[in-house]
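The feature Mn(2+) binding site is assigned by Swiss-Prot to HIS112, HIS114, GLU119, HIS158, with similarity to another entry given as support. What Swiss-Prot lists as disulfide bond is CYS32-CYS50, and the listing cites similarity to another entry. The domain 'Cupin type-1' annotation in Swiss-Prot covers 64-212 and rests on sequence analysis. Residues annotated as signal peptide in Swiss-Prot: 1-22.
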Amino acid sequence: MAKLILATFAVVFLALAATSLAGDPDMLQDVCVADYKSLRGPLRLNGIPCKRLENVTANDFFFDGLTNAGNTTNAVGSLVTAASVERLPGLNTMGVSMARIDYAPWGLSPPHTHPRATEIMFVAEGTLDVGFVTTANKLFTRTVSKGEVFVFPRGLVHFQRNSGNTSALAIAAFNSQLPGTQSIADTLFGAAPPLPSDTLARAFQVDGGMVESIKSKFPPKY
């Protein structure tokens, strides 16, 4: 656990060092702890309104959700535990967040994007095959081992796969309080309302029956 904590601090330091290129607007006050109660009303804005300073406590800046391994018993064999503004209100306006990613043996983080942030990933345990694809369809990929770091540029499709017979663990940092995640398969085949099957069939050059079969594996998430 001590090694994990040190690794976490290292990743956060690297993320903070890049705040001049943060994906979020600059903050205009010392702190702006997210006031979740305000989200119940009709007001919506690019961020979350601040809690009154007299109501802010140290717990608003604390999160222990990364201490335990995530349950990787699922179809892809991985689980992301995010420490974003949705779980850590003190991150509001800070322009950073992080996540813990647990991988079962041969587990996969399927191709996805973070539309609002660059990701820097530190491998704490195991070995991962990782990569991203540029807008020119060029793939950059390599194997990343324990103690090594890899960067995924903002908005580009990328993946990670555990290439070993044992569990793996990675810690990721983002230059946004809420980087967002779009899984390519979920987005295309599990949208609500669904994308037209003939559109997907023509895009992937397959028949409609195959599209419907794939859609059945990705129920819409509302």
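Here, residue 1 is simply the first one shown, and the rest follow in order.
Yeah, the Cβs are placed from backbone N, Cα and C, and that goes for glycine too.
Projection of Swiss-Prot feature records onto the structure.
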{"residue": "CYS32", "record": "disulfide bond", "DSSP (3 states)": "coil"}
{"residue": "CYS50", "record": "disulfide bond", "DSSP (3 states)": "strand"}
{"residue": "HIS112", "record": "Mn(2+) binding site", "DSSP (3 states)": "strand"}
{"residue": "GLU119", "record": "Mn(2+) binding site", "DSSP (3 states)": "strand"}
{"residue": "HIS158", "record": "Mn(2+) binding site", "DSSP (3 states)": "strand"}
### Query
Given HIS114 (Mn(2+) binding site) and CYS32 (disulfide bond), what distance in Å do their CA atoms have, once rounded to a whole number?
24
### Query
So what's the mean pLDDT when you look at the domain 'Cupin type-1' (64-212)?
97
### Summary
One residue among the disulfide-bonded residues CYS32, CYS50 has the fewest other C-beta atoms within 10 A of its C-beta, namely CYS50
### Query
Roughly how many Å separate the Cα of HIS158 (Mn(2+) binding site) from that of CYS32 (disulfide bond), to the nearest whole number?
32
#### Entry: Separation of alpha carbons, GLU119 (Mn(2+) binding site) and CYS32 (disulfide bond) (Å)
23
#### Entry: Cβ neighbours within the same chain of HIS112 (Mn(2+) binding site) - under 8 Å, at least six residues apart
VAL157, HIS158, PHE159, THR181, GLN182, SER183, ILE184
